[in-house]
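Peer 1: Starting off with a structure, shown below.
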Amino acid sequence: MMASSYKDEDGHITVSGSGAAAGAGGGSLRSKKPENTAFKQQRLPAWQPILTAGTVLPAFFIIGLMFIPIGIGLYVTSNNIKEFEVDYTGVEMSSPCFTCSQNFSWNSTKPCTCSVPFHLDQPYESNVFMYYGLSNFYQNHRRYVKSRDDSQLNGNEESLRKPSKECEPYAKHNNKPIAPCGAIANSMFNDSLELIYIDPNGTKVQIPLTATGIAWWTDKHVKFRNPGAENTNLTVVFQGTTRPVNWRRPVFQLDSDPDNNGFINEDFIVWMRTAALPTFRKLYRIIQRRSNVHPTLPRGNYSLEVVYNYPVRSFEGRKRMILSTISWMGGKNPFLGIAYVSVGSVCFLLGVLLLIIHHKYGNRNNAAEISH
Amino acid sequence: VDCSLYSPGQLNTFFSKKTFVRCVMVSTYTSLVLFFIPWAAMQDSVRGDGKDVADYQSFALSTQTSLMIVVSAQMFLDTFYWTAINQFFLWGSIAAYLAITFTFFSNGLFFVFTSSFPFIGTARNSLKQPNVWLTMFLTCLLCVLPTVAFRFLHINFLEKIRKFTRFQKYKAREEGQPAPAPYRPPPRRVSTRRSSYAFSHSQGYGDLVTSRKFLRLKRRPSLFGRNQSPLVENQPQHYRTITEEAEESQT
């Protein structure tokens, strides 16, 4: 007979008289024992991944081989996108907009206009998108980003009369609440850009620009709503409020189209979606395609007519106009294509290297064994 | 006797300076990749229909989602035993993240708490872009692959290379002395129903000890060979089943 004492799983020490008796231990002791389920006895089926050569090496090769064609496809797509940029800040003396940029004043009643000629080497087919780009403009500054009142922009009447504290100091002006309040709305981009095509005879043709369909659907229909009921006169609804300090016109006169007036004006919505980086571009207008036969923008001379309202010289910013075609992956950005190709090649080379190491050192087991 | 709990302490695997430096290097690399790849991909980029995608909210969302996926991938790599519980929590956390993101960016919450949930519409608009998904995929892969490669090398080759070079040196030096035990490759994983989510891995040997087997004079295979001590190898437990002639009464 053997006496043994052992610690039970729940720490209860039992002393048993014999092996046979241990199994038939008293009823009171048995009740403290955990149930004999897989979960409580820690016998759950488990799967264990192991990084063997058979899994890792093929994975590296497959990733390498997958990425390279994707990268090439992305790069080719990006290369096929046509883009043209015109900087019209007017920094140099020779630039057409130099006088406008120098003579800027907030109180001028007569807007300054300038005209920048440029030449397109290739025709642009399908829809052409016109963007305005700003440089050195930090729309991602934290205090700036918070300086808005989303309730007011959603059409809340209470917030219209009492803008939130976040909008300070652009919340009230002359004791009237500002609609829309905040620094983001106050600094809205207000240059007007027009495109003129100069055909070979010399006649100037104005290119039609579409101003709607440039903002996100959720922004235009959910996030931004005009206060008051539908189809009410906006002048009446916004009575008692005043325009932002830097604006020339109040918010209910942004556009004659009632579907694009007030807070739901698409230029305003596009501006209020703050950009992530200090050099950014925002959609300004869309040039719809005319027909399958004629290119939207034929090759030739063009002129950009600017109504220069937006001062950027004070913070050394730059303004530009960008014309671009679009593909399924967006605008012209070769980075993703190049990144995919390089990562794919590095992966493939790494796989080859690991294969060499595995071949060289993996088979030495047999040489290392020595019989006793 | 279950010793795998003691080996991290004895080998000082978790709190040494070497580990700290390695951790800092990996974190720095991951942080740089997580920011700069979306940054470079978002420069001057727009959606497939020409509208904005380079705004602050979309950039934040893509970086945040990449981070979640990278962290989950690290956890996947570090989990040794995948029981049902592990599967539920690991896949569940990714699912929970997506659910919470879409909830926070939904119309309903925006109407109730307007100023707290200004990200409305961002998930719907930016996660529909193949551009954004490709960027996130690239970021996650760049963060995870070095870890996988390094671990693969470490597990499979560094021990072998070290032992092989040590053995070569030994062999070149001494001819007469007995050679050290040969290196055996790690045994193939036996499909085991033991999982290691608590301290006691096994049933223990109480039954064996209290049975009368020890009175019989049979030679038994040793439980742990010299080179298979978990102290040295610090590997997940592999068990050889011990055959028993007669089934004792199960308690």
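Here the Cβ of each residue, glycine as well, is placed from N, Cα and C on the backbone.
Relevant sequence annotations retrieved from TrEMBL are reproduced here:
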COMPBIAS  B:226-240  compositional bias 'Polar residues'
DOMAIN    B:4-157  domain 'P-type ATPase C-terminal'
REGION    B:226-251  region 'Disordered'
TRANSMEM  B:20-41  transmembrane segment
TRANSMEM  B:61-81  transmembrane segment
TRANSMEM  B:88-113  transmembrane segment
TRANSMEM  B:133-153  transmembrane segment
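So where do these features actually land, and what's packed around them?
Peer 2: Same-chain neighbours of the transmembrane segment (B:88-113): 61, 65, 68-69, 72, 75-76, 79, 119-124, counting only residues six or more beyond its ends whose CB sits under 8 Å from a CB of the stretch.
Sequence-distant contacts of the transmembrane segment (B:133-153) (same chain, at least 6 residues past either end, Cβ-Cβ under 8 Å): 26, 29-30, 33-34, 37-38, 41-42, 62, 65-66, 69-70, 73-74, 77, 127.
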Peer 1: Check the domain 'P-type ATPase C-terminal' (B:4-157) for me and report the mean pLDDT.
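Peer 2: Here the predicted model's pLDDT, averaged over the domain 'P-type ATPase C-terminal' (B:4-157), is 90.
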